[in-house]
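Trainee: Attaching a single structure in structure tokens format; questions to follow.
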Amino acid sequence: MEIGGLVYLVIVVAIIHSSQGVDYCKIRCPSGIHTVCQYGESTKPSKNCAGKVIKSVGPTEEEKKLIVSEHNRFRQKVAQGLETRGNPGPQPAASDMNDLVWNDELAHIAQVWASQCQFLVHDKCRNTAKYPVGQNIAYAGGSKLPDVVSLIKLWENEVKDFNYNTGITKQNFAKIGHYTQMVWGKTKEIGCGSLKYMENKMQNHYLICNYGPAGNYLGQLPNTKK
């Protein structure tokens with residue numbers, strides 16, 4: 001164990017679901033009812049968070065800017081053909097890489113789910129009336145609080161295992177799914193929820209980011225080669 005370093009980390013990623021609707025309780029997903037319909041609009045930590053000393057709910061304004069800028073920095077690196085890592089690398093330049101903007105609705109849905117303290121689990125339905133929504137989750141702790149950039153780097157670093165020629169398959173998805181959602185060319189918006197809390201003398205940071213339109217369709221490539 002390294003003092004001041006990360007003591008543990010877990011990252012998970014979801015394959016998308018599609019649905020349409022306006023009222024959250026009318027939005028249908030193949031695997032369950034919508035998060036906001038099930039838990040309501042409140043972002044107050046639920047009873048599942050008992051035993052955790054909650055320090056803050058939701059990303060700060062500065063963290064929101066960092067989340068967007070870190071995603072766009074990396075997306076443009078890939079789009080310009082400057083990402084040398086891969087299996088094999090380098091990653092090809094992309095012709096359809098949108099810059100992401102923050103979306104408060106995506107962030108609210110992500111925060112409602114984050115505040116349920118059901119760690120390492122994706123919600124069953126998070127779509128909006130506008131589009132299907134993808135999701136990345138990171139969860140880390142240590143003697144010092146991991147910052148939001150270090151969590152995003154965990155997703156970014158999965159590029160080392162990605163073979164662009166293969167695309168997304170059931171076999172490789174667990175290793176590369178965060179990366180591919182990060183650089184899904186047609187995704188335009190992002191919104192994230194978070195919890196920072198103390199437990200067993202450890203400082204923990206839990207981050208959920210929702211993406212729209214979603215990426216990570218099996219059998220497809222994350223972006224179009226230039």
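Placed from the backbone N, Cα and C atoms, the Cβ positions cover glycine too.
The following feature annotations were taken from Swiss-Prot:
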type     : residues      : note
DISULFID : CYS25-CYS37   : disulfide bond
DISULFID : CYS29-CYS125  : disulfide bond
DISULFID : CYS49-CYS117  : disulfide bond
DISULFID : CYS192-CYS209 : disulfide bond
DOMAIN   : 69-211        : domain 'SCP'
SIGNAL   : 1-21          : signal peptide
Trainee: Looking at the domain 'SCP' (69-211) alone, can you tell me the average pLDDT?
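Mentor: Mean pLDDT across the domain 'SCP' (69-211) comes out at 97.
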Trainee: Over the span of the domain 'SCP' (69-211), count residues by DSSP class, listing helix, strand and coil in order.
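Mentor: Per-class counts: 46 helix, 33 strand, 64 coil.
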Trainee: In sequence order, what residues of the same chain, 6+ apart, have a Cβ less than 8 Å from the Cβ of CYS49 (disulfide bond)?
Mentor: SER115, CYS117, LEU195, TYR197
Trainee: Cα-Cα separation of CYS125 (disulfide bond) and CYS37 (disulfide bond), in Å?
Mentor: 10
Trainee: Other than its own, how many Cβ atoms are within 10 Å of the Cβ belonging to CYS209 (disulfide bond)?
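Mentor: There are 28 such Cβ atoms around CYS209 (disulfide bond).
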Trainee: Whole-number answer please: how many Å between the C-alpha atoms of CYS37 (disulfide bond) and CYS29 (disulfide bond)?
Mentor: 12
Trainee: Do me a favour and check the Cα-Cα span between CYS209 (disulfide bond) and CYS29 (disulfide bond); whole Å is fine.
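Mentor: It is 19 Å, counting Cα to Cα.
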Trainee: If one measures from the C-alpha of CYS29 (disulfide bond) to the C-alpha of CYS192 (disulfide bond), what distance in angstrom results, rounded to a whole number?
Mentor: 20
Trainee: Just going by other Cβ atoms within 10 Å, which of the disulfide-bonded residues CYS29, CYS37, CYS117, CYS192 has the emptiest spot?
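Mentor: Minimum Cβ neighbour count within 10 Å, taken over the disulfide-bonded residues CYS29, CYS37, CYS117, CYS192, occurs at CYS37.
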Trainee: In angstrom units, rounded to an integer, how far apart are the Cα atoms of CYS192 (disulfide bond) and CYS25 (disulfide bond)?
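Mentor: Each residue's Cα considered, CYS192 (disulfide bond) and CYS25 (disulfide bond) end up 21 Å apart.
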Trainee: Report the same-chain neighbours of CYS25 (disulfide bond): residues 6+ apart in sequence with Cβ closer than 8 Å to its Cβ, ordered by sequence.
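Mentor: Same-chain residues close to CYS25 (disulfide bond) (Cβ under 8 Å, separated by 6 or more) are ILE33, HIS34, CYS37.
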Trainee: Please state whether DSSP places CYS29 (disulfide bond) in a helix, a strand or coil.
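Mentor: DSSP call for CYS29 (disulfide bond): strand.
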